[in-house]
Amino acid sequence: MSRVLLPTLLLLLCGASLMVGASQMSWSALLSASDDAWLTLTASRLPRLAALVLTGVGLSICGVILQQIVRNRFVEPATCGGLDAAKLGILVALTVLPGAGATGRMLFALVFCLLASLVYVAIIRRIRFTNLVLVPVIGLMYGSVLSAVAEFYAYRHNILQSMQGWLLGDFSRVIEGNYEIIYLILPIVVLTYLYAQRFTVLGMGEGMATSLGLNYAATAILGLVLVAVTVSATVITVGAIPFVGLVVPNLVALRYGENLKRTLPIVAMCGAALLLACDILGRLLIHPYEVPIGLTAGSVGGVLFLVLILWKCK
């Protein structure tokens, strides 16, 4: 059923996203070749739609990869310190290389995110007895420490106001010419699908994966690099968006299992659909103004996160 229903829902949400916004735009205006309508479509609505879809797909797949590496269903970039480390990296880039463009800032965010993820995985591996809830709790505490360090760093360098742009995800600033770095997510998606079987084996644990002939360390590091690239590209373009990579993989796994070769396309479409729905909701709540998607996605994802924890702990 999902082969028809899910793509149809995604297409409907894409169409709705193109039509909803502060300025009125209709299909009739587009068909009549209105200059204003086409400018709005090509300069704002289409870039925003592309960024929404790619971000939803990328963050959902990040959640899948991290959950396989850590072997815990409640891990994603927002619950392992990855998002907070990326923000810290951007702040360091603003002070060390103030003239750096988006690519330079992204490289800083990538390095910080990767290092923070490696430290988090090392911490989890050192803890002998880990229950289902303890692992994300440690990640949230770790992320809080990184966030505090970032805020202190921003305060000391008088760039605290610059940090506010990355605290909440916001697609309103996505226009033609300043979002193209998000397309780095496309090769990440392809690589993840090509390595889907290896990531599935990775989730069986180091002992089992090694006995099956998998290079465990190399595959885990590859996964962390893919996550770091996706997170840094997302934070640079639209800011931090929590819980998408947590909620979507869990809901898909409950229905379709954990064979990544089969479920990754479903995870990708569900992630894009969730982010599109949250963005449309944010644009309609106080129209013609909009609520940042970090608030809508964070609220929906946070509630579902609590429900999943309570359900898993029964």
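Glycine is treated like the rest: Cβ placed from N, Cα and C.
Because the structure is a prediction, the values reported are computed rather than measured.
For 49-70 (among others), the entry in TrEMBL reads transmembrane segment.
Proximity of distant same-chain residues to the transmembrane segment (82-100), defined by a Cβ-Cβ separation under 8 Å and at least 6 residues beyond the stretch ends, is recorded for 62, 66, 107-113, 115-117, 120, 143-144, 146-147, 149-150, 153-154, 157, 159, 162-163, 166-167, 227-228, 231-232, 235-236, 240, 242. Residues or ranges marked as transmembrane segment in TrEMBL: 82-100 (among others).
Marked as transmembrane segment by TrEMBL: 106-124 (among others).
Among the features that TrEMBL reports, transmembrane segment is placed at 131-155 (among others).
Here TrEMBL flags 175-196 (among others) as transmembrane segment. Sequence-remote contacts of a segment are chain residues at least 6 beyond its ends whose Cβ falls under 8 Å from one of its Cβ atoms, and for the transmembrane segment (175-196) they are 42-44, 47-48, 50-51, 54-55, 57-58, 61, 64-65, 102-103, 106, 219, 222-223, 226, 229-230, 233-234, 236-238, 260-261, 264-265, 268.
Annotation comment: TrEMBL describes 208-229 (among others) as transmembrane segment.
The transmembrane segment annotation in TrEMBL covers 235-254 (among others).
Packing against the transmembrane segment (266-286) from elsewhere in the chain are residues 2, 6-7, 9-10, 13-14, 16-17, 20-21, 52-53, 55-61, 64, 171, 189, 241, 244-245, 247-249, 251-252, 256, 292-293, 295-297, 300: each is 6 or more residues past its ends and has a CB under 8 Å from a CB in it. The feature transmembrane segment is assigned by TrEMBL to 266-286 (among others).
Same-chain residues lying 6 or more positions outside the transmembrane segment (292-311) and placing a CB less than 8 Å from one of its CB atoms are 73-74, 132-133, 167-172, 238-244, 246-247, 250-251, 274-275, 278-279, 281-282, 285. The transmembrane segment annotation in TrEMBL covers 292-311 (among others).
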Note to self: Using Cβ distances below 8 Å and needing 3 or more such pairs, separated by at least 6 in sequence, tell me whether the transmembrane segment (235-254) contacts the transmembrane segment (131-155).
What the structure shows: no
Notebook entry, point to check: Top stretch among 106-124, 131-155, 208-229 for CB pairs under 8 A with the transmembrane segment (49-70)?
Noted result: 208-229
